[in-house]
Structures are given as C-alpha cells and as structure tokens.
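Novice: According to TrEMBL, the protein has these features:
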DOMAIN    1-257  domain 'F-BAR'
DOMAIN    391-468  domain 'REM-1'
COMPBIAS  474-484  compositional bias 'Basic and acidic residues'
REGION    474-533  region 'Disordered'
COMPBIAS  521-530  compositional bias 'Acidic residues'
DOMAIN    532-593  domain 'SH3'
Amino acid sequence: LKDQFDNLDKHTQWGIDFLEKYAKFVKERIEIEQNYAKQLRNLVKKYCPKRSPKDEEPRFTSCIAFFNILNELNDYAGQREVVAEEMGHRVYGELMRYSHDLKTERKMHLQEGRKAQQYLDMCWKQMDNSKKKFERECREAEKAQQSYERLDNDTNATKADVEKAKQQLNLRTHMADENKNEYAAQLQNFNGEQHKHYYIVIPQIYKQLQEMDERRTIKLSECYKGFADSERKVIPIISKCLEGMILAAKSVDEHRDSQLVIDCFKSGFEPPGDFPFEDYSQNIYRTISDGTISTPKQEGMRIDTKTTVGKAKGKLWLFGKKPKPQSPPLTPTSLYTSSTPNGSQYPIFSIEPVHYCMSDIKTGKPRIPSFRSLKRGWSVKMGPALEDFSHLPPEQRRKKLQQRIDELNRELQKETDQKDALIKMKDVYEKNPQMGDPSSLQPKLTETMSNMDRLRMEIHKNEAWLSEVEGKVAARSDRRHSSDINHLVTQGRESPEGSYTDDANQEVRGPPQQHAHPNEFDDEFEDDDPLPAIGHCKAIYPFDGHNEGTLAMKEGEVLYIIEEDKGDGWTRARRQNGEEGYVPTSYIDVTLEKNSKGA
C-alpha cells in the first residue's frame, strides 16, 4: 500500500503537469491569434486609401470593392481578437485557476495520507516495544525459576537462600504477567489502528485523490470544448465577412468603370479633320480651262492654302466695312478648319493645343448678359489661368466650375443664415437691452455682409466663366450637327478646285478665316452708348471695391443707378465723373426716378 501511495503521488503530479502543459498550449494559441489579428489590421491599414475630404479621384467599382474587402478583412481581424479574448478568459484563465486549486487539494490529501501512515508506524513501535519488554521479563522469570529449583534441590542450601530465590521468582513472574498484559493491549490497539488505516483512512484518501483526478480530467474535457466553442461562436460572423467579400467581388462593374474613365477624361475637343489634297497642278488646269465659266482665269496667281480663305473673306465683303460677326465664340474648329467634299473638317494652321488654349483665352468673346455693357473695366481674362481652370479641357473645366459654384452657394447660404441670426439677435437686444448691447453685433454683421458680397462676386465671376464654356460647347455641337447636315446635302457637288458649288457658274468658298484681334472685345464695348441713369442711390456702408468690375464708394456718397439688381445682389452705378461698376445692393439706399439728372 505504501508503494501504491507513492504511485498515486506521481500520477497526480503528472496530471497537474499535463494540465499546465495544455494551459501553455492555449496561451501560445492566444498569442498566435493576437499576432494574426494585429498583422491583419496592419495589412488593412497599409492598403486603406488615405484620401482627404477634398480628394476627387473617381471611385471605380473595382476600387470600391477592394475597399469593402479591406473593411471585411478588418472585421475578420476583430473576430480573431474575439477568439483570442474568449480563449484567454474561458480556457486559459480557468485552467490556471483550477491548476492552483488542484495543487492545493492534492497537497492536503497527501499530507493526510502521510499523517495516517505516521500514526500507524507509531502504534507499531509501541506494540513492538511492549513485546520486546514482555519477552525480556519472561526470560528473567525463567532464570529466576531455574535458580529457585537449583537451590531447592541443593541439600547444602540454607532455608533463607531458598526463600530468597522463591521471592525473586515470584517477583519476576509478576512482572512478566504485567508485561504480557501490556503487550496484549498494545497488540490489540495496533491491530485495530492497522485495520482502520487500511480499510478506512487510506481508502478514503485514495478515493479523494481519485475524485480529484477525475475532476481534472473533466475540467480538461470542458476546456477542450470551450476551446472549440470559442472558434465556433465567431464562425457565423466570419461567414458574413466572407459573404461581404463575395458581394464586393460581384459588385465590380466594368462598364461603369469605363464610363467613369470617359467622364473623367472627356475633353470636349473635336477630333482633327482630314488633311486636304494639295493640288500643285491647279495652274496647269487653269491654263487649259481659261474659257470655262466655273473656273475663271487668274493670271499670275498661285493658289496657297494659307491665303485662300483670307482672299475669299475679302471677296465676300466688297462694299463698305465688314459687319461684326455674330458667330458663337471661337473654337478650334471655327478658327483653324475648312471643309472638304465629304463634310469633314481639317486644320489649315498647324497650331499646338497649348497655343490654341492661350489664344482662345485672349480672343474669345463671352456672351454674358449681365456684363454686356462694361467699358474696359472688365478684361477678357477674367482671372488667372489656374483660377478659371482655363488650362483644362472644356468638359473638365465645366465640371470644375460647376463644383466651385456649388461650394460658393453653400458658403453663401451659411453666411446668409448667420446674417439672419445676427439680425434677430440684434432685434432681441434692442427690445431687451439688459440681454446685451446691439451695437456689439454691428462689426460681426458688417463682416458677414462683406463676406456675402465677396461670395456673390465670386459666384457671378464663376457663372460668367461657366456660361462661356457652355456657350463654346453648345457652339461646337451646333457646328458638328450642321456639318453632318451639309455633308448629306452637298455630297457629290465638288468643283475641280475642291470646293462645293451650287451651280456651274458660282464657286462656294470655305468659311472665312477669322483672326480675332485681342482688342475686338474692347472695341465692341467702345461702340456702346452710355446707359441712361434710372435713379440714384446713397451709400449706407462703405465698400472697398477691390474686386474687378466693382465700384468703390464711401459712406453717404450719392451715385447714379444705371442698371437695377437682376436678383444676384448687385446694382450697377455710375459716379459723376463717368466711372461705372457694380456695388452691393444691400449697401445702398436706392431711389428710382423717371427723369434723373443723367437721363
């Protein structure tokens, strides 16, 4: 039994070591899950887009799908963290607490077994001592009996010696009897303790150790199950993450991406036309056909493709000054193209796109009704090249201007709401002076109105640029449509020189070459008569008039009104010296008259 106790001691120690070994395994698995989740989050962070709110990069469906996949992967990493946390709380933490309790319980049971064994050993020693003492007394009694019998049989021994030997025998016999009784009692006690030890105490301790080991095995089984449950609980959420990735993959639309590319890079320019056929034998044919009507003879004249259109332009206006053209704004096709028999257009001058854009900015005539009568106060260059997006193609420029106008309108709405709030607060202060000083709000109100005027000017300016761009795009569309119609109508009517003719006697020349002069815009304004005054106004607030096209004024200054407010918050006024410009309608007190001084 003692050997079995030692075996149980070793087995229970092995069980605790195995429990701690599994706890170490769970801890390492938790570290793997945490590192895996951390690496996934770092991966998502590395490839996530870092765009500012003003970034206008087109969002392709493939990019959106990839960003959605990254979001789902980030959620997946979060679920791995949940797995690690659940394992740490439900498995590893529970194992460590149970291991500590198990060690304490095992130590207690082993100590109880050792105490029982020590008590049994003590009983055996007492019994053995009494036995040895009884054996010794018995031997002494036998010696006393032999001495008495020898003296009793000896005739020479005295009666006193015999009595003395007899007394000694009686004493030894009595002591032997007492030791015998003591030995018998100790033996009986040891036998009882031994029976109790082997049939009650030790089996109970072994049973407790068995129950402890079984509980350890059950705890391991529960931890195995909890280990698997930690993973199984997140499987539905992980499945949703994977389904989200699949949906993101299915959301990729190649046609939509292609349309985004088209919208992003659409320029609005027309493709170049066909190159003309340069007939160097034209003089030979003209010499042969001097008598023909359709090709009149022009001696000493060499046909030059660079001057033909200019000469045709001179022929069209034989009487008086050429009237100002009413054609739409100049475009690449109207400036540098001519017609071919099939209705297509081709460039006459080889001008690079950048040079064309600069010349277009310098020579274009915007048709803006609200600014049609300004005299030299408004330059054709309505802002820096980057401010009006003139460096961009027409379609992209239109989008940029529209976006800026929308932003300015939102800012203007905010300023308007702030002005209304300040006015209401000022009225409250005027009615209840104890709540505040109304004059303290005047600087903020003035600043807000100034910001509103500045925003209106910016909106007006950008709307002018937008109108110019839209006018050019519409003109290009009209010319493209008319070119297609002319191609259908005039197909097959071509003169020997390559131009279209309505009959055999008339040569239809190509469109006149329009070399717009940079001063034509100002010349058109010079021809306009000064507008009559329709009233007068008095400045309520001072206005600096730093923006181009505005008129500075001082507080209390009287000006003539020559054009009313069209709903944009600006009124056109004129000083007595003839200087004109726009002033904020909210800064002046307007009085309209039928017969004013300037009328």
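Even glycines carry a Cβ here, placed using N, Cα and C.
TrEMBL: automatically predicted annotations, no manual curation.
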Novice: Quick one: average pLDDT across the domain 'SH3' (532-593), no decimals.
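Specialist: It averages 87.
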Novice: When DSSP states are grouped into helix, strand and coil, how many residues of the domain 'REM-1' (391-468) land in each?
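Specialist: Residue counts for the domain 'REM-1' (391-468) by secondary structure: 72 helix, 0 strand, 6 coil.
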Novice: Take the domain 'SH3' (532-593) and count its residues per DSSP category (helix H/G/I, strand E/B, coil), listing them in that order.
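Specialist: The composition, in the requested order, is 3 helix, 29 strand, 30 coil.
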